[in-house]
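For reference, the structure is listed below as structure tokens.
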Amino acid sequence: MNKPFANESQPLLGHDRPAKIDFWTSFKVTMLSSRFNVLLVFVPLAILASLSNASAPWVFSLNFLAIIPLAKLLGFATEEIALRCGSTLSALLNATFGNAVELILGMVALKEGLIRVVQASCLGSILSNLLLVLGFCFLLGGASRSEQSFNITAAQTSSSLLALTTLSLLVPAAFSATAETEEDAVVGVLNLSHGTALILMLVYILFLFFQLKTHSHLYEDEEDDDELPSTSLFFSCLTLVVVAAVVSVHAEFLVGAIEGVVLSWGIDETFVGIILLPIVGNAAEHVSAVTFAMKNKMNLSVGIAVSSSLQIGLFVTPALVITGWAIGQPMTLFFDDFETVILFASVLIVNYLIQDGRSNWLEGILLLSSYAIVSLAFYCHPTGTGGGAGHS
């Protein structure tokens, strides 16, 4: 996904760039841009298995593996285009395509009426970034150091916005619990979710302005600001369009196999959404965050983990609620009590651990232990009662 945005000192259309890069060079650079690209071998295998009516577990697993490198390619193409822009356009690109896989998967599942899977994948992405990714960053980054430091103001600002995300889920749950009748709860939660989704997206836009304009010094990139693009603009745009289309195909196959996987593996669809689907779109990004932590670039590392959670909470989830509104699917911000409490506790523990702007390996163990407990809880927990406008 995205890295914390650089200073706003850049011109709108970026710096002068080198001579034109040819198509073949762009292709080679893209294919060699990540070790995850070796997984591209699963793209034709997944399509073949899906079209030949293979068993649901095989279809799910192959498409699962195929999407991981495609997500990395989407991120690479987005970054290449962003390098040709100033930070304003870069921010818009990252906001739009930074979570493209999550958006595509969510929209496909929403179209199929799998609202619980959509909700679970959104919640799972937030939890995996806050607990799993940040935990590995603290653990592996602090393994050879007594402690590491990062920008406390930027981290706590992000944590405050995560608290707002938690509030946006607590309020519909409280509304549903206190409504006098079932009909009042259904209609009220749906309308409340639509309004809240619009507010959250507005807050996200204002947060981008905060990052880019008024407090851009808090989000300065620790990497080389003079990095130049290594692929042509045409090739990057073509990659973005083609890969997004291929991801959509794999998402259709993946979502179509979820019901069969649930029956075959004996797991709940909520567990699939909470634990498995977040890995699909974020695996490569997770590795990047941990790599930065091991290089002691903690502002980047923490920024990737926390900003990813923010994009899910303030942009992707509201966007899916609004999409559901547009296509007639009752997607809401009403999660069941179990999920809401877990999110609240997760945001709370992360706030405690980052409030001093320092981290060590033991704090990483605490976060990873929290994620292990959460995963076990969702594995053991029966089917949730959240989802659409209804409630239990």
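Residue 1 is the first one shown; counting continues down the chain.
Just so it is clear, glycine is given a Cβ too, placed from its N, Cα and C backbone atoms.
Looking at 87-109, 271-293, the range tied to transmembrane segment in TrEMBL is 271-293.
If you count C-beta pairs under 8 angstroms between the transmembrane segment (116-140) and each of 36-52, 300-327, 333-354, 361-379, the highest count goes to 361-379. Of the candidate ranges 161-179, 300-327, 333-354, 361-379, 300-327 contributes the most Cβ pairs within a distance under 8 Å of the transmembrane segment (271-293). The transmembrane segment (361-379) shares more Cβ pairs under 8 Å with 333-354 than with any other stretch in the list 36-52, 161-179, 185-210, 300-327, 333-354.
For the domain 'Sodium/calcium exchanger membrane region' (237-378), DSSP puts the residue distribution at 121 helix, 2 strand, 19 coil. Counting C-beta pairs under 8 angstroms (sequence separation of 6 or more), the transmembrane segment (161-179) fails to reach the transmembrane segment (231-251), with fewer than 3 such pairs. Taking every recorded stretch in 36-52, 185-210, 300-327, 333-354 and counting its Cβ pairs under 8 Å to the transmembrane segment (231-251), the highest total belongs to 36-52.
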